[in-house]
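Chemist: Reproduced below are the annotations present in TrEMBL:
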DOMAIN    B:31-158  domain 'Response regulatory'
MOD_RES   B:D91  4-aspartylphosphate
REGION    B:164-183  region 'Disordered'
REGION    B:199-221  region 'Disordered'
COMPBIAS  B:199-210  compositional bias 'Low complexity'
Amino acid sequence: MDGVVQLQRQLLDYTALLFQEGFLNDQFTQLQQLQDETNPDFVVEVVSLFFEDSERLLNELANTLDQQSIDFRKVDSHVHQLKGSSSSIGAQRVQNVCIAFRNFCDAQNTEGCLKCLQQVKNEYSLVKNKLETLFKLEQQILAAGGSIPM
Amino acid sequence: MGSVAGEFVRHVLPEKVGVSDHSAAGSEELHVLAVDDSHVDRKVIERLLKISSCKVTAVESGTRALQFLGLDGEENSVGFDGLKVNLIMTDYSMPGMTGYELLKKIKESKAFRKIPVVIMSSENILTRIDRCLEEGAEEFIVKPVKLSDVRRLRDFIMRGEGEENRKKGNHKRKLQDDYSISPPLSPAASLDCEISSLLLPSSSSSSPECPSKRPRLWVED
């Protein structure tokens, strides 16, 4: 079972790193605690919804900011939703960019908004990769007959 | 508890349904109607409630919530068996009907105005909180909602069923130890908090440290 132990150690270390680097916050831990044998895929399911929502919102944002005359209220509404869902899964860095983003919306600052859009896309992409890596590690552990350490 | 719970049942069931089925009142499982336009949040709240032994109906809009309750103006001849709702938890910012508007409609309804309504919002805005509480919201919870929030609510609702007829005296709800904001907020303190969160755009969040995070309702029935 050496392999499993190593994988579990890897998972714990990786998760700790994500927290240290600010990609995830305590809300993610809250979600993990809601997962159990009766609902073993809960976190993956919620995070998948987050991915879907985010991709939709990022597209909408790109469109809305691409218009001749930008509807900042619409931009703000999309960012608000993105901020909400990132907060709900503990994606701290995405959430933080959204806060700055909304301030630029309030100020109707196009350049600021475009910069934030780029930033939020980057942060989203990063956290998506990291979460997918995390889930892969979990899968490997389960496949090797181990259980997910908490 | 039995007869008092029965009292409670009579208050919340719509009038056209006979109050013959007390099995819902006898069982310990609360039925919560959760309203949120966010998929992610609906999924999370559903799980939080189920893990707290509550039955959940999660809908995506105020309109759907009203349809579920039978308040959408449609003549609903189907009985409300099993649909008794003990608590409504609604997001504030939703397209179409906001949580506030939904709250108003529920409180205007003779059949449902006694059902406690909790507003959830990611934004900690004092005027918003005040407005909701004034309109009769039981509580205003700043998102993300935690398990401890749900448990506290559930315990409160279950106790509330026993205290439903207590009309006089102190209506201050008991708080858990980690919520020590039972005295009314000094408006100045909360305003400062709101203002400072506006002035610090890159600060971590608009919500966490503000004392108005979990205001309690000083209620009169």
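Backbone N, Cα and C define each Cβ position, glycine as well.
Nobody curates TrEMBL annotations by hand; they come from automatic prediction.
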Chemist: Counting by DSSP, what is the helix, strand and coil composition of the domain 'Response regulatory' (B:31-158)?
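Modeler: Final tally across the stretch: 52 helix, 25 strand, 51 coil.
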Chemist: What is the Cβ neighbour count of B:D91 (4-aspartylphosphate) at a 10 Å cut-off, with all protein chains included?
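Modeler: Excluding its own Cβ, B:D91 (4-aspartylphosphate) sees 26 Cβ atoms within 10 Å.
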Chemist: Averaged over the domain 'Response regulatory' (B:31-158), what pLDDT does the prediction give?
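Modeler: Computed over the domain 'Response regulatory' (B:31-158), the mean pLDDT is 91 on the 0 to 100 scale.
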